[in-house]
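> Below you'll find the structure I mean.
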Amino acid sequence: MQFIDEVKIHVQSGHGGAGCVSFRREKFIPFGGPNGGDGGRGGDVIFRVDSNLSTLLDLRYRPHLKAGSGKNGMGKDRHGAGGEDLVIPVPPGTIIKDAETGEILADLVTAGEEIVLLKGGRGGQGNARFATSTNRAPKFAQPGEPEEQRWLRLELKLLADVGLLGFPNVGKSSFITRVSAARPKIADYPFTTLKPNLGVVPYKNYRSFVIADIPGIIEGASEGAGLGHRFLKHVERTTVLLHVLDLSWMPDRDPIREYEALNRELALFSPELADKRQIVVVNKMDLPAVRENLPAVLPWFRERGLAVFPLSAATGEGISPLLDEIARSLWGKDEEEW
């Protein structure tokens, strides 16, 4: 399924039905009193979180959505039926903004959560409502209230506990495949990952956490280079970031310089994102070159108080200590301390 995380839509609530002008016309009562019914209320526009959805794809092809209008009132004091509400299902993590001002109108994260964003117009009152002692045969009724309408921008920010960051081809997709049931495309060329992937990582004592793998970030991403910058929003809700490094390219590529470059891109995108706790992961420990190069970079990270976890996504070496560290970051303790 195509991953769509931004759409612009126009929504409109229902118009209220008009009140009715009507009089009793019965045998032997040629000039009966007013009996016009009220118009029905217009339908509301409601956004509801559906945990079965993971993309805004459906809304991309339905940019104009409208609730049902209320029916007009009728004679014999019959009220018009209310218009059908427009219920728009969205995935967890959807942010709804005013398309013109950028104002955040709702941030929907919990399954079943809903918000009435536009109210339908009230139905007009029929002439039976206006009968008085001085005007027993009112020949007027209220029109229904008009609908509300608005252009909206919907943005999806995936809900994950852990964000997976790194330059292209450092083995992020291999890692998420190793620790979860997610199966992203894996190949030996840059930008194999073209969309965010979520994986549920089973931990101990029946606990688990969600990890998000986004396309690789490259230097200059904040100016539009590469693919990853537009997906950085999907790790904004995370608690901890895993920064994956590949030492197999040394000395042609400097992993410390790449680490600093990626963090500059984070800061340009969001200072809050750059301040999140990071765990440094050195992947591909199954390669002799990585084992040889590791001692050259460890002191730099340790001097800065950064935890470094060498591992191999290919063989599983070093995975368990990393998962324990993630557990401490998320819950304050690992399995041994429960």
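The backbone N, Cα and C atoms fix where each Cβ goes, and this holds for glycine too.
Sharing the features that Swiss-Prot gives for it:
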BINDING   166-173, 191-195, 213-216, 283-286, 312-314  GTP binding site
BINDING   S173, T193  Mg(2+) binding site
DOMAIN    1-159  domain 'Obg'
DOMAIN    160-331  domain 'OBG-type G'
> Below 8 Å Cβ to Cβ and six or more residues apart, same chain only. Which residues does that give for K195 (GTP binding site)?
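Correct list: F3, P215, F231.
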> May I ask which residues of the same chain, at least 6 positions away in sequence, place their Cβ under 8 angstroms from the Cβ of S312 (GTP binding site)?
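N283, K284, M285, D286, G318 - these are the non-local Cβ neighbours of S312 (GTP binding site), listed in sequence order.
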> Under DSSP, is S312 (GTP binding site) helix, strand or coil?
coil
> What is the number of other Cβ atoms found within 10 Å of the Cβ of N169 (GTP binding site)?
18
> Could you check the binding-site residues G166, K172, S173, P215, K284 and say which one's CB has the most other CB atoms within 10 Å?
K172
> Roughly how many Å lie between the Cα atoms of S173 (Mg(2+) binding site) and G166 (GTP binding site), rounded to a whole value?
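Cα of S173 (Mg(2+) binding site) to Cα of G166 (GTP binding site) measures 11 Å after rounding.
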